[in-house]
Amino acid sequence: MSIFKLMVIYFTLFWVVNAAQLLDLDSHGVIPGAYIVVMKNGVSSHQFSSHVRWLKRAHRRNLAKRVAPFTEGLSSTWDIAGWQAYSGSFDKDTIQEILNHENVEFVEPNREMKAASTIKQENITWGLARISHMENFSHDYVSTYGEGENLTFYGIDSGIDIHQSDFTGRARWGINVADHIDIDCIGHGTHTAGTVAGQSFGILKKASIVSVKVLDCYGHGDTTKYINGLNWAINDAKKRGLLGKSVMNISLGTGRSRAVNEATVRAQEAGIFISVAAGNNAINAEFLSPGSAPELCTVAASTRNDTRAYFSNYGALIDLFAPGEYIRSTLPHNRTGIMSGTSMAAPHVCGIGGLIMAAEGLAPEQVCRRLKELANPAIKYAGFNTTDKLLYNGSGA
């Protein structure tokens, strides 16, 4: 049964004379009247604070000067490793003033964000064996880089069942920016977390696990909620001294978004290795975010026979393939289940990336390059202009 599907949203760039860029989209997936505003590089914290005060005054003034539908105004502000932005609902006059402000780089609509996978109840598991052997059809998992001791995994997803016994007491609830239901209703986040850090199905078997819920019980979110979750995770890691010792998996996406790409890249630069799913639309990954950001490790899905899964996105932005078809992992309430998708492939890279980062003392932005050096050139029928590199953990097996 299909749970959710990545949306493909094409957008057109409009120019405003002597103003910031307005990145516009077609109506599909756009949340009417809701926007993300990104500041120019080099804007100071003081200038950002002054801009926010100006914005609040402009919003009140424009609402008061005529009869107009109410808009709530500012909802969130972010500073992710110097990337400063905010979101909110604004009327057209306020948006025009924002575009004309000297410190604004661009504005884009807030839009829906979803994850992608299918679930099948079948008794099969093979992913860990494949990524720890150069030859296919092995049946054991071999690792020479440990089990993720002293690492922390942040799952940006539908939430994680922190009481799942396979997490052996290592999981904690971080934040819920999606709804008011502090559980993983759909299982997607618990499944991806199990591949990264579960005892039975995971790679970082001794890592700490943190749930960051950005998708609601229908598997829906938006770019504002996503960036809110990302921002919280960076601040949590900084507060706890975990930067440089943390990994993050992002098995969700939306149409190509400059704001989503920039925020995610800055999060990695702050000190967290990030693995992202390429998407399940069987199209070029350049059309989706955050997988279209070349600085991130974008992961396509492979099959048991070392081919590209029929649903997986492809193209020059793919860094690695990893097992993504019929992957068994954890589900809420101490259950297990099989899911397929690039959502299932990316967690394999997240886990191995954490091991390599810790073992070799790499910066997060160096990890993907190292994984590609270790990778196994095994993928057949990868797709046009797409790598043949399959994730390998360097075990020597």
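A Cβ is built for glycine as well, from the same backbone N, Cα and C atoms used for every other residue.
Going by Swiss-Prot, these are the annotated features:
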type     : residues : note
SIGNAL   : 1-19     : signal peptide
DOMAIN   : 35-115   : domain 'Inhibitor I9'
CARBOHYD : ASN123   : N-linked glycosylation site
DOMAIN   : 125-397  : domain 'Peptidase S8'
CARBOHYD : ASN136   : N-linked glycosylation site
CARBOHYD : ASN150   : N-linked glycosylation site
ACT_SITE : ASP157   : active site, charge relay system
ACT_SITE : HIS188   : active site, charge relay system
CARBOHYD : ASN249   : N-linked glycosylation site
CARBOHYD : ASN305   : N-linked glycosylation site
CARBOHYD : ASN334   : N-linked glycosylation site
ACT_SITE : SER343   : active site, charge relay system
CARBOHYD : ASN385   : N-linked glycosylation site
CARBOHYD : ASN393   : N-linked glycosylation site
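Feature map: annotations from Swiss-Prot on the structure.
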| residue | record | DSSP (3 states) |
| --- | --- | --- |
| ASN136 | N-linked glycosylation site | coil |
| ASN150 | N-linked glycosylation site | coil |
| ASP157 | active site, charge relay system | strand |
| HIS188 | active site, charge relay system | helix |
| ASN249 | N-linked glycosylation site | strand |
| ASN305 | N-linked glycosylation site | coil |
| ASN334 | N-linked glycosylation site | coil |
| SER343 | active site, charge relay system | helix |
| ASN385 | N-linked glycosylation site | coil |
| ASN393 | N-linked glycosylation site | coil |
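Rounded to a whole number, the distance between the Cα atoms of ASP157 (active site, charge relay system) and ASN136 (N-linked glycosylation site) is 31 Å.
Of the glycosylation sites ASN249, ASN305, ASN249 has the largest number of other Cβ atoms within 10 Å of its own Cβ. Across the structure, ASN393 (N-linked glycosylation site) and ASP157 (active site, charge relay system) place their CA atoms 25 angstrom apart. Here the C-alpha separation of ASN305 (N-linked glycosylation site) and ASN385 (N-linked glycosylation site) works out to 20 Å. Other C-beta atoms found within 10 angstroms of the C-beta of ASN334 (N-linked glycosylation site) number 11, with every protein chain shown included. Here the Cα atom of ASN334 (N-linked glycosylation site) is found 14 Å from that of HIS188 (active site, charge relay system). Sequence-distant neighbours of ASN385 (N-linked glycosylation site): residues of the same chain at least 6 apart with a C-beta under 8 Å from its C-beta are TYR314, GLY315, ALA316.
Look at the recorded positions ASN136, SER343, ASN393 and count other Cβ atoms within 10 Å of each Cβ; ASN136 has the fewest.
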